[in-house]
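Novice: Checked Swiss-Prot, it gives:
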type	residues	note
ACT_SITE	Asp205	active site, proton donor
BINDING	His5, Glu180, Met181, Glu182, Ser204, Asp205	purine D-ribonucleoside binding site
BINDING	Gly21, Arg25, Arg44, Arg88, Val89, Gly90, Ser91	phosphate binding site
SITE	Arg218	site 'Important for catalytic activity'
Amino acid sequence: MATPHINAEMGDFADVVLMPGDPLRAKHIAETFLEDVREVNNVRGMLGFTGTYKGRKISVMGHGMGIPSCSIYTKELITDFGVKKIIRVGSCGAVRMDVKLRDVVIGMGACTDSKVNRIRFKDHDFAAIADFDMVRNAVDAAKALGVDARVGNLFSADLFYSPDGEMFDVMEKYGVLGVEMEAAGIYGVAAEFGAKALTICTVSDHIRTHEQTTAAERQTTFNDMIKIALESVLLGDQE
């Protein structure tokens, strides 16, 4: 049954959904990597599609920017449409000098300056972590594809234009691999509602050096991340 934000029916979505922030990137992923694609959501322009990858039913849908937006969509997908696994596929900014542009980062955990998980966890700290099997499958898929993926913590920021530049020093000290805006929220939602989640990011810019990838480069390097996500789903089916 349709929700306020998703005009689909039970069965329209696969049990696994890849989720970029940008709905147009969701469309690109569906058209580039999936077969027999059909649109399953267009409310508020947040496009969602379902198709097959190597015969496996998979969905892809945008989640917007920030924890509030992605929390709405992931919650509804899990509780109203039977989704069991969510893989966020997005971009992140690097803060460590040993993390380079175009590196693929697998988010084993996610720190955050948001209070959303403390709200749902009775004002206590919640360890926002990815599902172990999904992490392992993504690592194995990356190796099989010849992609040297980094594995570690992300930082999910509430502010894109943050006034706190000193926080980047703290992130670097604690070994944070990349800064983005959603992983901690998605991991919290998955934990609350009994689903599994993973975030895979491509480093699109470096906060320290101010380097950035071009639009053309992002198209190519982001595809490596999508292939890892898709192949990891197939590996998960073999368990």
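The count begins at 1 with the first shown residue.
Using the three backbone atoms N, Cα and C, a Cβ is placed for every residue, glycine included.
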Novice: Report the same-chain neighbours of Val89 (phosphate binding site): residues 6+ apart in sequence with Cβ closer than 8 Å to its Cβ, ordered by sequence.
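Specialist: Result: Leu18, Met19, Pro20, Ile29, Ile200, Cys201, Phe222, Met225, Ile226, Ala229.
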Novice: List, in sequence order, those recorded positions among His5, Ser204, Asp205 whose Cα sits within 10 Å of the Cα of Gly90 (phosphate binding site).
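Specialist: Candidates kept after distance check: Ser204.
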Novice: Rounding to the nearest whole angstrom, report the longest C-alpha distance spanning Gly21, Arg25, Arg44, Arg88, Val89, Gly90, Ser91, listed for phosphate.
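Specialist: With Gly21, Arg25, Arg44, Arg88, Val89, Gly90, Ser91 as the binding residues for phosphate, the largest Cα distance is 22 Å.
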Novice: Cα within 10 Å of His5 (purine D-ribonucleoside binding site): which of the recorded positions Arg25, Asp205, Arg218 qualify?
Specialist: none
Novice: Here are the binding-site residues: Gly21, Gly90. Which has the lowest count of other Cβ atoms within 10 Å?
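Specialist: Counting other Cβ atoms within 10 Å of each of the binding-site residues Gly21, Gly90, the minimum falls on Gly21.
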Novice: Purine D-ribonucleoside site residues His5, Glu180, Met181, Glu182, Ser204, Asp205: biggest Cα-Cα distance, Å?
Specialist: 31
Novice: Spatial neighbours of Asp205 (active site, proton donor) among the binding-site residues Arg25, Arg88, Ser91, Glu180, defined as Cα within 10 A: which are they?
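Specialist: Candidates kept after distance check: Ser91.
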Novice: Check each residue in the chain of Arg218 (site 'Important for catalytic activity') that is at least six apart in sequence and keep those whose C-beta is under 8 Å from its C-beta; list them in sequence order.
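Specialist: Listed in sequence order: Ser91, Thr202, Ser204.
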Novice: Can you tell me the CA-to-CA distance separating Arg25 (phosphate binding site) and Glu182 (purine D-ribonucleoside binding site), as a whole number of Å?
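Specialist: Roughly 16 Å, rounded to the nearest whole number.
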Novice: At the level of the C-alpha atoms, what whole-angstrom distance separates Glu182 (purine D-ribonucleoside binding site) and Arg44 (phosphate binding site)?
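Specialist: That separation, Cα to Cα, works out to 19 Å.
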Novice: Would you identify which of the recorded positions Glu180, Glu182, Asp205 has the most other C-beta atoms lying within 10 angstroms of its C-beta?
Specialist: Glu182
Novice: In whole Å, note down how far the CA of Met181 (purine D-ribonucleoside binding site) lies from the CA of Arg88 (phosphate binding site).
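Specialist: One finds 11 Å between the Cα atoms of these residues.
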